[in-house]
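Engineer: One structure, as structure tokens, below. Some questions next.
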Amino acid sequence: MSTIESVLKETRSFPPSEAFRQQATVSGMQAYNDLCEKANADYEGFWADLARELLSWKKPFTQVFDGSQAPFFKWFADGQLNVSYNCLDRHLEHNANKTAIIYETDDGQVTPISYRSLYEQVCQFANGLKSLGVGKGDRVVIYMPMVPQAIVAMQACARIGAIHSVVFGGFSAGALRDRIQDAAAKVVITANESVRGGKLVPLKATVDEALAMDGCDSIEKVVVLQRTYTPCSMGARDITWDALTAGQPLECEPEWMSAEDPLFILYTSGSTGKPKGIQHSSAGYLLGAANSFRWAFDYKPNDIYWCTADVGWITGHSYICYGPLAMGATQVVFEGIPTYPDAGRFWRMIEQHKVNIFYTAPTAIRSLIKLGADLPKQFDLSSLRVLGTVGEPINPEAWMWYYEVVGGGRCPIVDTWWQTETGSAMIAPMPGAVATKPGSCTLPLPGIMADIVDESGAQVEPGRGGFLVIKKPFPSLVRTIWNDPDRFKKTYFPEEFNGQYYLAGDSANRDESGYFWIMGRIDDVLNVSGHRLGTMEIESALVANPLVAEAAVVGKPHDVKGEAVVAFVVLKGIRPEGDEAKKVAAELKSWVAHEIGKIAQPDDIRFGENLPKTRSGKIMRRLLRSIAKGEEITQDTSTLENPQILDQLQEIA
């Protein structure tokens with residue numbers, strides 16, 4: 001495998017303002033460097049100090065790290081704690097009346113929930129689960145809308161030592177069945193339906209369909225939240241949320257867990273092949289989530305924080321359910337979508353709730369640019385202090401719009417690189433210390449030993465692309481793949497790298513300043529005439545064109561070049577057809593050739609009103625690869641937000 005070439009040239013840099021730097025918890029590069037040096041000098045001591053500072057222990061640990069069974073690492077293994085206790089109980093003495101959650105429904109109703117109220121709801125539901133026979137080590141599948149009860153269910157599982165597996169509410173019955181079967185779950189928690197963008201989406205009916213398939217015999221009970229007035233089928237196996245919690249005590253003694261006991265399994269999305277059950281620990285995971293929340297967002301106790309993710313994904317686990325609550329934060333939880341009832345919804349909510357820290361996905365940013373690039377200017381967004389992005393690399397042009405239009409040039413952009421498997425942010429600017437660059441996730445957080453290597457495991461020189469690895473195990477790292485340790489080793493600690501480094505599966509390069517630039521997944525790397533090009537860079541070039549709102553690039557086999565470049569493009573205006581489409585396609589091909597070079601010029605350009613995305617906003621690139629190759633689509637498309645656009649994307653301009 002030859003070295004991946006980096007062709008994206010981005011030179012803009014934005015240091016923290018003096019005003020921001022002065023109020024920041026980690027202020028200035030010297031403070032950042034001091035933390036990094038502390039981690040380098042005494043790696044175990046660095047993490048042990050953080051674990052003692054940020055977590056409350058029932059039984060303090062004496063052993064920090066155990067690598068004797070590498071790559072099955074252990075952290076704080078002889079310590080005991082409870083994750084729910086760390087997120088709720090410990091705040092009650094001084095902050096019982098502090099708002100934990102500001103919940104806004106799809107139709108705009110707002111309900112504040114205090115830490116005391118959240119604690120009582122979690123205890124009641126935990127007692128309800130215990131009454132169903134759920135206990136330590138049992139698996140519970142949660143298939144819920146984005147409502148506070150989803151967080152209650154997760155925290156209740158953590159409280160009694162049950163292992164939760166949240167399945168995103170957009171997954172099909174087949175995908176749900178696969179996860180129930182792999183986890184051998186005992187209980188499913190769901191709702192009659194969810195409400196998204198004014199539309200009702202049945203959930204209980206999907207659960208019933210999944211449980212009617214082979215392989216779900218482990219399920220004993222289904223708990224159903226009545227989210228709307230729509231009735232749903234209720235059999236002998238089913239019980240309503242209200243019936244389960246009625247009369248349950250408002251206190252529930254936490255189950256004290258070993259630091260290494262599993263907290264949850266989260267299956268990586270079905271759009272990336274056979275689901276892998278990513279298993280996270282209790283203490284190490286919580287430490288990563290809480291500390292990175294504090295550092296990456298410069299969190300202050302009076303902040304109003306809003307992450308727009310769904311709890312069905314790792315971002316919703318780490319930066320809604322666990323990290324913010326462990327730190328005692330107040331956060332907005334939103335049931336709806338950014339474009340309902342109109343494209344001003346996010347900005348209106350930021351104004352109304354006086355949000356200080358806003359964390360969303362580049363996909364949402366790009367779609368909001370398309371729907372109204374000037375809309376944010378109609379709202380008072382002066383409360384914002386930090387803007388974050390997550391889920392995929394952000395194109396420099398989208399970054400600049402986010403920075404200038406949403407943040408008014410005041411707010412650092414915290415572009416966070418991390419994964420389901422890492423549990424918490426790995427590479428991200430500490431906003432009071434690190435200058436940001438559009439499109440770069442900047443520098444590793446202190447204690448994260450990230451590097452870029454070639455296929456032999458040797459470090460590559462600046463400006464050359466390679467494989468992103470993390471050279472030392474860290475507390476929030478995935479512990480194994482549920483029931484598949486061999487796959488865990490082969491996937492993340494492959495023999496080619498002597499089994500030593502965590503292989504992220506992303507290609508990246510590092511510039512002369514040490515900044516990391518994610519170029520895309522290793523399988524999103526194109527080999528065009530012997531040149532390895534990251535799809536991210538071609539997409540960035542396309543999006544830099546004033547006509548283009550969004551672009552996704554994939555490869556398809558080519559007799560001469562090895563791979564041809566196929567671009568799927570959404571324009572800011574209406575979708576072109578016929579001669580107009582040919583004209584715009586020719587213009588965009590010339591544009592890319594000018595921006596990057598002829599080598600990266602797309603062979604085919606196809607226009608759609610949108611790109612095929614899962615309901616969490618991820619572009620389904622495997623689907624695009626099938627379309628590009630002219631293959632029949634065999635992938636599960638049940639998580640697609642917009643299946644009707646597939647026909648448009650078959651047409652070559």
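Cβ atoms are placed via backbone N, Cα and C, with glycine included.
Pulled from Swiss-Prot, these are the listed features:
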type	residues	note
BINDING	R196, G197, G198, K199, T315, S529	CoA binding site
BINDING	G391, E392, P393, D415, T416, W417, W418, Q419, T420, D506, R521, R532	ATP binding site
BINDING	V543, V548	Mg(2+) binding site
MOD_RES	K618	N6-acetyllysine
Engineer: If I restrict to non-local contacts, at least six residues apart, and a C-beta distance under 8 angstroms, what lies near G198 (CoA binding site) in its own chain?
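Structural biologist: Correct list: D106, D107, Y340, P341.
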Engineer: Of all the binding-site residues here, G197, G391, P393, which one's CB has the most other CB atoms within 10 A?
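Structural biologist: When each Cβ's neighbours within 10 Å are tallied, P393 leads.
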Engineer: Between the Cα atoms of P393 (ATP binding site) and S529 (CoA binding site), what distance do you get, rounded to the nearest Å?
Structural biologist: 25
Engineer: What three-state class does DSSP give V548 (Mg(2+) binding site)?
Structural biologist: strand
Engineer: At the Cα level, what's the spacing in Å between W418 (ATP binding site) and T315 (CoA binding site), rounded?
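Structural biologist: Counting only the Cα atoms, the answer is 9 Å.
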Engineer: Looking only at C-alpha atoms, tell me how far G391 (ATP binding site) is from V548 (Mg(2+) binding site), rounded to the nearest Å.
Structural biologist: 21
Engineer: Using Cβ atoms only, which residues of the same chain lie under 8 Å from T416 (ATP binding site) while being at least 6 residues apart in sequence?
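Structural biologist: Expected: A296, G388, T389, V390, A425, I427, A428, C441.
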Engineer: Report the nearest neighbour of R196 (CoA binding site) in space among the binding-site residues T420, R521, V548, comparing Cα positions.
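Structural biologist: Closest candidate to R196 (CoA binding site), judged by Cα separation, is T420.
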Engineer: In whole Å, how far does the CA atom of K618 (N6-acetyllysine) lie from that of G197 (CoA binding site)?
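Structural biologist: If we compare the Cα positions of K618 (N6-acetyllysine) and G197 (CoA binding site), the gap is 18 Å.
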